[in-house]
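K.L.:
Provided herewith is a single structure, encoded as structure tokens, for subsequent inquiry.
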Amino acid sequence: IVVKLSARYSQQHMESSEDLLKPEPSSPEELLLKTSKSSTSESDNATSSISFSSVYTDDEDSGHCSSSVSYKDRRREAHTQAEQKRRDSIKKGYDSLQEMVPTCQQLDFVSGYKLSKATILQRSIEYIQYLVQQKKKQEEELEALKKEVIALHIMKSNYEQIVEAHEKAPKSPGMKVSEDVKFQLLQAMMDTLYESFSSSVSVANFTELSGCVFTWLEEHCKPQSLHELVVQILGQLSVQSS
């Protein structure tokens, strides 16, 4: 188009130059003919300019439409990729959950097909509840074992004090206690301790039993308490034997 317009412009320029070189018309007929040619040339120039402008306008409209369509395509493609990525993440999460939960690693008993997402979630919730219950049970057992250890430490300390007191007690080699007296002493001690144990300890549940046992040990099984009990029983046996 540009080449054609340039050629036409050159031709018109040459014609204009030729017109300038021509002598002035000497008659009215020649003047009228020259005016007609000039009008025709101007009309052709205007038509060429309009055609050239129309060509560039059409090209601009076509480029704008192409840009708009390309933007919509890119946006649609980005949305599709984001949606696919979201679905892949959800699927990966369900697959990982199914691998970690033991009850989700088997097929559906009813249909025999792969477990649905709703079934996976339900079984996962049930398994988590089971783990919470097991954790609570283990914590209770651990607490009971701690109390048992404390009780054993108390008993060990009491026995050590009894042994230490016995070793420090003065010995009289001339006095000998018969086996019958020893048995009566032990029996009387056990009866007295059992009566205090029955009246002080509650066996409603393990927690209450543990607390009561600790209290009873601290109150009735101290070396001083046992010493007083032995002295009291020996006095009773002495009275009975006399």
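Keep in mind that glycine also has a Cβ here, set from the backbone N, Cα and C atoms.
Below, the features straight out of TrEMBL:
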- 1-89: region 'Disordered' (REGION)
- 28-44: compositional bias 'Low complexity' (COMPBIAS)
- 45-56: compositional bias 'Polar residues' (COMPBIAS)
- 71-89: compositional bias 'Basic and acidic residues' (COMPBIAS)
- 74-131: domain 'BHLH' (DOMAIN)
- 128-155: coiled coil (COILED)
K.L.:
Write out how many residues of the domain 'BHLH' (74-131) are helix, how many strand and how many coil, based on DSSP.
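P.N.:
Helix, strand and coil residues of the domain 'BHLH' (74-131) number 45 helix, 0 strand, 13 coil.
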K.L.:
Could you tell me the mean pLDDT over the coiled coil (128-155), as a whole number?
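P.N.:
That stretch averages a pLDDT of 91.
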